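Below: one structure, written as structure tokens.
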Amino acid sequence: QWKQLENLYFREKKFAVEVHDPRRISVSRRTFGQSGLVVQTWYANTSLIKSIWVMAISQHQFYLDRKQSKAKIPSARSLDDIAMDLTEMGTPKVSKLVTLEAKNQLIMASNGSLISSGSQDSEVSEEQKKEKIMELKKKEKLLQEKLLQKVEELKKICLREAELTGKMPKEYPLGAGEEPPQVRRRVGTAFKLDDNLLPTEEDPTLQDLESNFIIHQKLVEAAKKLASEPDLCKNVKKKRKQEYADAVKKLQEIENSINEYRIKCGKKPTQKSTLALPGEKIP
């Protein structure tokens, strides 16, 4: 039984277990007197003997940890937690197998550390460490690339907001010592609708159509100012002109819908879009 164990050690091709048996009294050279120790010995090649010793030490440590956990307040532990604890036990903790001096002498004489230099265990461990480090470096590189991509997206969004508001948002990512870029607000893109400009029609459907027309009319004016903004490159200028033409076309479609509904209700049609934009050729 584990509670009778006194020591576990190996020397080259020899593995020994010392067990305390009070019924048997023998003379020990280590204690220079009578002792109840019984020594069981096995012989094999060095690598096998060392592997047996490492497994025996780990098994005994597991016994000690269970004994200590039972003495404390019981708490629910998952199998994953127990496996993690066992994994972290690469080196056995100090236990009451023997006195420190005797134990150190045995380990020093047999090179009985868990990971000795040049051993098979250390080579496997180093190889696993290298593979793990390479895997972690690959994950780190992927995460850094994804982070840079998200930072660039955030910068573009902040720049677009600054162009509309004239103020750079505080969320704009800045590096060490980097100054926020100077952004020029787009000319004439802001507008506000007064309450008295909205029509007051008794028919709710016509009311919605008229309100939609007024709102879109302001959008057309803003698109026109953007298209006529100076110092634009050819591609941007072409794109804004196309956006302005699409906005005018949409405004005309809204007015056509209003006129169709007014004729259906027996009212006269209107020509608001041509009056709102004098001198403009409506596509």
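The backbone N, Cα and C atoms fix where each Cβ goes, glycine too.
The domain 'FERM' annotation in TrEMBL covers 1-67. In this model, the domain 'FERM' (1-67) carries an average pLDDT of 82.
For 126-153 (among others), the entry in TrEMBL reads coiled coil. Counting residues 6+ beyond its ends, the coiled coil (126-153) has Cβ neighbours under 8 Å at 173 in the same chain.
Residues annotated as coiled coil in TrEMBL: 237-264 (among others).
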The domain 'FERM' (1-67): DSSP-derived helix, strand, coil residue counts: 25 helix, 27 strand, 15 coil
